[in-house]
Structures are given as C-alpha cells and as structure tokens.
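Here's the structure, in structure tokens; my notes come after.
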Amino acid sequence: MIKVAINGYGTIGKRVADAVAAQKDMKVIGVSKTRPNAEAFIAKQRGYPLYIADLSKKAAFEKAGLTVAGSVEDMCKAADVIVDATPGDIGVTNKPLYEKLGKKALWQGGEDHEVAGFSFNSSCNFKDAIGRQFIRVVSCNTTGLCRIINEVDKAFGVEHVHAIMVRRGSDPGEIKKGPIDAVVLDPVTVPSHHGPDVQTVLPHISITTMAMIVPTTMMHMHAVRITTKKEVNREKVIELIKNHPRLGLVKKSAGIKSTAELKEFAMDLGRQRADLYENCIFEDSIYANKNELCFFQAIHQEADVVVENVDAIRAMTSLANDGTASIKLTNDALHFVPIQNNH
C-alpha cells in the first residue's frame, strides 16, 4: 500500500486525494492547506489528516475547529509519494524539501518541464516513467491533446497538428479571475505553450497551437486539425476513440453541442463533482478527407489530469508494468466509463 501525501488541497489536489483514496493499492496519509477554508472542512469530513505549511497559523485552524496533524515536512516524511498540487510556480520551490527527504514527487502542468525532467501521460509514455523519482503530469489541455494525437499517430501517422484552444476564463470557484466580457488572446504570439508541451511527451510530433481565453468556467474547447501520413478513415477514427479508456464520444443522439450541456450530463450521470476525466470528442465534428482529420473536443480542466496523477503514482512506484494495466485499475476503482457508453 503506497502512502500518498497531497501537498496543496485545492482544485486538483482535492480531486486527486479522492481518486487515490478510491484505489486498492494506495492511500492518502495527509493533505496540506495554507489557511482554513471550506476545502479544509471537506478534508476533515473525508478523514484526511490536515497539515499546514506555516505552524504559526495552527491556532487559526484550531479556532475554526480543524485539527492540525503537523507541518508539511512532517507529512512528506511519512509519505512514499508526494503529489504537489500547489499553484503554478510554487511547486518548484518545494523541490528542495522533497530532495532533502529523498522522496518521490510529482508536479502538475503549471510547472515547467524542467522541474522533474520528465513529463507524463498515461497513454503515451507510462513505461518510461517506471521507477522515476520525479514526474511532471502535463496540463489539462496537453493531456487531452496527447491522448488523441498519440492514437491517430499509431493508426495513420501524424504529419502535422494544428490545434486552437478556446480556454475557460477561470474555474467555477475562482471569483478573482476573468475575463468577464472579452475574448483574450493568450498568448497573442504563435505558438502557444501547448504545442511545445505536447512535444515534452511526444517529441516526434510536429504541432502548432494557438490559444485564447473566453468568459466561461465550464471547460476548454479544442478545434483540432491533423494532417496524417496515411489516408485517414472516419469510421476507423471513431472506432479508435471508442476503444480508448480515456476518450469519450459525444454522439449526435445525445443532442449535446456545448460545454454546459456536457457538464449537465455529467451531473445527471452522478459523476462526483460532475467531473469528466475523458476527452469529450464530438462525433458529428469528426471530418476525414484523404490526409486531413478535423474535430472538436471539450476538456474538463479540473478533472482530466486527476486520473493521470494516479497512474503516475503507480509508474514511479512500479505498481504496474504498463499504462494499459494502470489505466484499467484507476478507471475501475473510480467506476469511470467514458461517456460514449452512456448514450
């Protein structure tokens, strides 16, 4: 049983904690918060020991009715693996602690590739991650791109990918971010960071990405165009999506053509937090003509990396020998079936 510490119990951390707790081969030994808030009370309700970075704030936690188990360093000492889910650019500052303690650690996509020297996706490079001390799980957008690009590459060969990311402005609980009434190019320059990030996992893929931010909180939307080496076949593309455990197919019969409807569907399915771990690829958008493949896919920014974190833990602790086995273990423990099989 692998002992896992969650350093940063926020949007991603709380989801990873619940996903880890659901597994049969790992357990949560603690989570960390910087201040008492609603998420800290959820951690208490879940039975996760609560640790804090600054022990001078212990009184504030205890006044709020939250028992403090110790410092973040205490938590890390007790763990086999540390999932760093602190905000972007904060995680890298925690690396010296993990190194000092000789612990395995994994970071999120908000950190640069260099923090770990290895960027991870369960479907693409699981075997290369086995036994590593440090791993970076790529961002939500990069995760979604890697999953589908890798499958298309295996089936038809990829000559070039052009992807446009229409990104949500903020997560639902982020009240200090926007925009409220604007479409913001982020960045104005081409490529956006997503293309080079894909290449940290799939270095042989030629890819150009562009990105913008829009006033919504639900999900990201990708418009993807792939030039293939072999002539592409629409039916075969649909089949490879259906056969992948982390790719969902939004069928015409569902009548869904927006991220809002997707999230409503996830709620009706009874998904915890209405989370969508899978790429949500719109079947009607799949266009194949000679060597050109186009489609839309929606990516739930709060959720798709959660299952990847669990698989990364298995890889670095050698609990599984390949990605297929780990993905099945993770999905089964979460009772997760891609949405293509629900309508």
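A Cβ is built for glycine as well, from the same backbone N, Cα and C atoms used for every other residue.
Swiss-Prot annotates Thr11, Ile12, Gly110, Gln301 as NAD(+)-binding residues; of Arg147, Arg168, Arg246, the candidate listed for that same site is Arg168. Under DSSP, Cys140 (D-glyceraldehyde 3-phosphate binding site) is assigned to a helix (H, G or I) in the three-state scheme.
Thr11 (NAD(+) binding site) falls within a helical segment according to DSSP. Checking each of the binding-site residues (Thr11, Gly110, Arg168) against Asn141 (D-glyceraldehyde 3-phosphate binding site), the C-alpha distance stays within 10 Å for none of them.
With a 10 A radius on its CB, Ser139 (D-glyceraldehyde 3-phosphate binding site) counts 23 other CB atoms from all the protein chains. For the binding-site residues Gly110, Gly195, counting C-beta atoms within 10 A of each C-beta gives the highest total at Gly195.
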